[in-house]
Each structure stands twice: as C-alpha cells, then as structure tokens.
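K.L.:
Shown below is the structure under consideration.
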C-alpha cells in the first residue's frame, strides 16, 4: 500500500534529482587505427630485399625481425630514426655484399630502442675480402661495421659479430646506452691481415655501460676518445691493444671523464692498460679507474701512458692533463721481450695518481720514463 506521504516524498526526490546539474561523461578519443597498427605490428624481413624493405618500413613496425638478411654491397642496413620503443631482432646469419667503401654496414638510432640477437644468430662481415694488413691506414677502403649513434636510453644485447672488415662498434652522440653480452670474433684475422679492428670506439657520449663483452680482435678492445660516465665490466679482451683511453686529441671534444674498467681480463694482447694523448693538443683526462684487471701474455706494455702518442720522437707535451688516474688490483704478466710499465708525461700534466696492488711482471723495466707522478713506480 502506498500512502500519500510516500508519494509526496518520492515526488520531491525526483524533482531534486532532475534539477541537479549532471556532469558530461568523459570522452577519450579513440586511437587512430594506424597508431594501433604501429604499436602492435611485428615485421619480418629476409633475403636480398630484406635490408631495403626494413629501411622503408621501419617506422611502421614495433618489432623488426631481420631473418637471414643479405645486405647488398655498398648499402647500409639503415635502422636510424626508429620509433620510440622499437625492438630489433637479428635471426640467423646476416651477410653483406663486397664493395670498397667506408660504411657503415649497420646503423641504428632512436630512443628506448632494444636490439637483440636470437639464439645462434650472427652478423658475418666476411672481413677477409677487405683485409690487406693496412686497416684504415691505406690499401682497400673498408667499411666500418656498426654505428650506434644518437641512441638514447637504449639496449644492445646478445649480438655476435664475426670478421669485421675494420672498426666494429662506433658509439657516438649516445646517452644511457647499455650493451650486454656482445661477442666480436675476428680471430680469422690474426694472421696479420686484419688491422684497426677496434671493438668499441666511444666518442661524445655519456652514461655508456658495456658488460660481459668478449672481444677477439687486432686493435683496441675499447677506446674512449671522448665522453663521460662510461663503465666497462666483466669483459675478455684478446689479441688486440688492450683497454684504452684515447687517443685523446685532434677532435672537437677532447674531454674524457669518469671512466671505469672493472673485473676484466686482457690476454695475448699488445698492451694491457693504456692511455694515449696527442702531442701538442689540449684537453683533459680525469677520474679514470682500472680495478681488478688481469693481464696475461702481453707482448709490448703491461701499463702504458704516452703523451706523445702520435709522434714518439718528440718530447711529451702537457696540454692534455691526466688527473685522478686510479689503478686498483691490476696484476699479470708481460712477455720477456715487452715492458712492464712505461710512462711518458708532460712536465706538469700528470697529477693525483693513485695505484694500489699493482703487480705487473715478466717484462723489462723501462729506463725511459719521463715525469712520473709522485709515489708511482715505472
């Protein structure tokens, strides 16, 4: 039974509700179909047309799979200016046609990019086609392998590179780049024909982290030419010229700061720990640390600092300072024909060095060191 009072209450409540303002519902614009496709699309490219197709379609794919791609001669596998968040996956064997040119064979750039190698995948440079014993100093023009330029907050991992014609990774203009579990195998060039096959050349970059690298080559395992906040750890360097700062000088940016090499092995190489600066130039090297570094079968110098790297016939100059240079637990062996430690500094350019638990033996003791900092033995 409905009483008259109940009817009155219900009528009043309905009137109040109808009189109250009601907020418009929030309307979220529907994403465009093309944007959804870009976010979700996985594209696979293969064969002799794979490189060209990938370069043309790269901004339409959130994941780019490169499966047994055969890059034509004189052509870069161009993966520059990728969409943010793109994932690149190498599968199978990636090959490159022969031509005398400067390269690069591969180039990647962008923000929040991930580059990975699938199990068993490798990039085969087949460098013997170019090797002539002269590297980048003459003979055939040889392509550099992999440009990691202008990468931000990105990761390259699990990449296996075999027989690069000349320098392998060029890292330039990048920041917050992590490289993990990279293998560079240029052992086929150990017969003397391969040269200047640097593993990682770093310039004008910040916050670069390289972990777990295995580098078998014929030049610097790592060469930091300029940049700040660079960290290399858990690496194995074999057959090359060691873990190097420089050469510093001769560029628009000649500053190296806050570099750490940690928990790594250098074996069967010309040099172990190395800093090289250019005669007569200006710049600075500071806050460089080598910690827990093991040397074995070093042929030339266990530890070497040269401030006349480009012309050893001249006296070292002090335009490029080397300050706060730390060695902590650097130990190992040099061959009897080599030299344990060799330091050639400018008159006032090498300061605030701290060496602890340094034991490099087996080679000769140099009598030609110059301007060795206080408390450091040459």
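Using N, Cα and C of the backbone, Cβ positions are placed for all residues, glycine too.
Okay, so Swiss-Prot annotates it like this:
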- 219: active site, proton donor (ACT_SITE)
- 241: active site (ACT_SITE)
- 43-61: disulfide bond (DISULFID)
- 221-237: disulfide bond (DISULFID)
- 345-350: disulfide bond (DISULFID)
- 369-378: disulfide bond (DISULFID)
- 258: N-linked glycosylation site (CARBOHYD)
- 103-125: repeat 'PbH1 1' (REPEAT)
- 174-204: repeat 'PbH1 2' (REPEAT)
- 205-226: repeat 'PbH1 3' (REPEAT)
- 256-277: repeat 'PbH1 4' (REPEAT)
- 285-307: repeat 'PbH1 5' (REPEAT)
- 317-345: repeat 'PbH1 6' (REPEAT)
- 1-19: signal peptide (SIGNAL)
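Locate each feature and note its surroundings.
P.N.:
Long-range Cβ contacts of residue 219 (active site, proton donor) within its own chain (separation 6+, distance under 8 Å): 135, 167, 195, 196, 197, 198, 199, 240, 241.
Here the Cβ of residue 241 (active site) has 26 other Cβ atoms within 10 Å, regardless of which shown protein chain they belong to. DSSP gives residue 241 (active site) a coil state; it is part of no helix or strand.
Secondary structure from DSSP puts residue 61 (disulfide bond) in coil.
Other Cβ atoms within 10 Å of the Cβ of residue 237 (disulfide bond) number 31 in total over all chains.
Reduced to three states, the DSSP call for residue 345 (disulfide bond) is coil.
Other Cβ atoms within 10 Å of the Cβ of residue 369 (disulfide bond), summed over all protein chains shown, number 17.
In sequence order, 228, 229, 230, 286, 287 constitute the residues six or more apart from residue 258 (N-linked glycosylation site) in its chain with CB-CB distances below 8 Å.
Residues in the repeat 'PbH1 1' (103-125) partition by DSSP class (helix H, G, I; strand E, B; coil) as 0 helix, 13 strand, 10 coil.
Residues 127-128, 131-137, 148-164, 166-168, 210-227, 230, 232, 237, 239-240, 251, 253 of the same chain lie 6 or more positions beyond the ends of the repeat 'PbH1 2' (174-204) yet place their CB under 8 Å from a CB of it.
If you take every residue in the repeat 'PbH1 3' (205-226) and average the pLDDT, you get 99.
Under DSSP, residues within the repeat 'PbH1 4' (256-277) fall into helix, strand and coil as 0 helix, 19 strand, 3 coil.
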K.L.:
At 10 angstroms around each C-beta, which of the disulfide-bonded residues 61, 221 has the fewest other C-beta atoms nearby?
P.N.:
61
K.L.:
Could you find out if DSSP has residue 219 (active site, proton donor) as helix, strand or coil?
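P.N.:
SS state of residue 219 (active site, proton donor) = coil.
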K.L.:
Residue 350 (disulfide bond) has how many other Cβ neighbours within 10 Å of its own Cβ?
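P.N.:
26, counting other Cβ atoms within 10 Å of residue 350 (disulfide bond).
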K.L.:
Find, among the disulfide-bonded residues listed as 43, 345, 378, the one whose Cβ has the highest number of other Cβ atoms within 10 Å in the structure shown.
P.N.:
345
K.L.:
By a Cβ-Cβ criterion of under 8 Å, what residues six or more beyond either terminus of the repeat 'PbH1 4' (256-277) are in contact with it?
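P.N.:
Same-chain residues near the repeat 'PbH1 4' (256-277) but 6 or more away: 220-222, 224-249, 283-307, 309, 320, 322, 325, 327, 330, 332, 334, 360.
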K.L.:
Could you put numbers on the helix, strand and coil content of the repeat 'PbH1 5' (285-307), residue by residue per DSSP?
P.N.:
0 helix, 20 strand, 3 coil
